[in-house]
Amino acid sequence: MIVLALDVYEREKALSIAEDVKDYISMIKVNWPLIIGSGLGVISELKKKTGLPIIADLKLADIPNTNRLIAKKVYDAGADYIILHSFVGRDSVKAVKELGEIIMIVEMSHPGALEFINPLTDKFIDMANEIKPFGVIAPGTRPERIRYIRERLSKDIKVLTPGIGAQGGSPVEALKAGADYIIIGRAIYNAERPREAAKKIFEEVKEWSSR
């Protein structure tokens, strides 16, 4: 249920944290800071170190051919999933899905998203229901929006929610609203003892799910 967002630059730091918390997480999400700072090879290193699936959070948003070229390299490097924007349209999204599993962004939580992305949430949900990605991204800081998206999304499509922890989102509230995976970064990797931080969240989630 817990996805660790490793938004750090340093390879050694990323590998150390990942190994430290692997017992309490389900997947690892790498973003541009780590890929730029350490190279694509860090994806396979993380998989080898932890045995966990890797999400490449590239937020791809280009024409089909460019999306395809980028995605091929990232999947070849060992990524299990790629996150991409929906607003570029079906052709660009499908170009990536032809190569591997995808996670589509249907809504974001930052203020700027209200201008262009969030007004199209319903269209993005319809697109996801048609294309059948592994999952979609929904704002973990807004349980009411998680619930809205979950109710309109095919049951076989997972809901992943960033913004848990440092940004104010509650792990249990996100799960109650319909999230399948909660994405947590700073609350774990910036903690004085990342393993203990991950364990605490894991136990909180486990206690709720066993009720």
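Cβ coordinates come from backbone N, Cα and C, glycine included.
Residues annotated as substrate binding site in Swiss-Prot, with sequence analysis given as evidence: ASP7, LYS29, 57-66, SER109, 162-172, 185-186. Swiss-Prot lists LYS59 with the feature active site, proton donor, giving sequence analysis as the kind of evidence.
Sequence features, as recorded in Swiss-Prot, placed on the structure.
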| residue | record | DSSP class |
| --- | --- | --- |
| ASP7 | substrate binding site | coil |
| LYS59 | substrate binding site | strand |
| SER109 | substrate binding site | coil |
| GLY185 | substrate binding site | coil |
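Cβ neighbour count within 10 Å across all protein chains ranks GLY185 highest among the binding-site residues ASP7, LYS59, ILE63, GLY185. The Cβ of SER109 (substrate binding site) has 20 other Cβ atoms within 10 Å, all protein chains considered.
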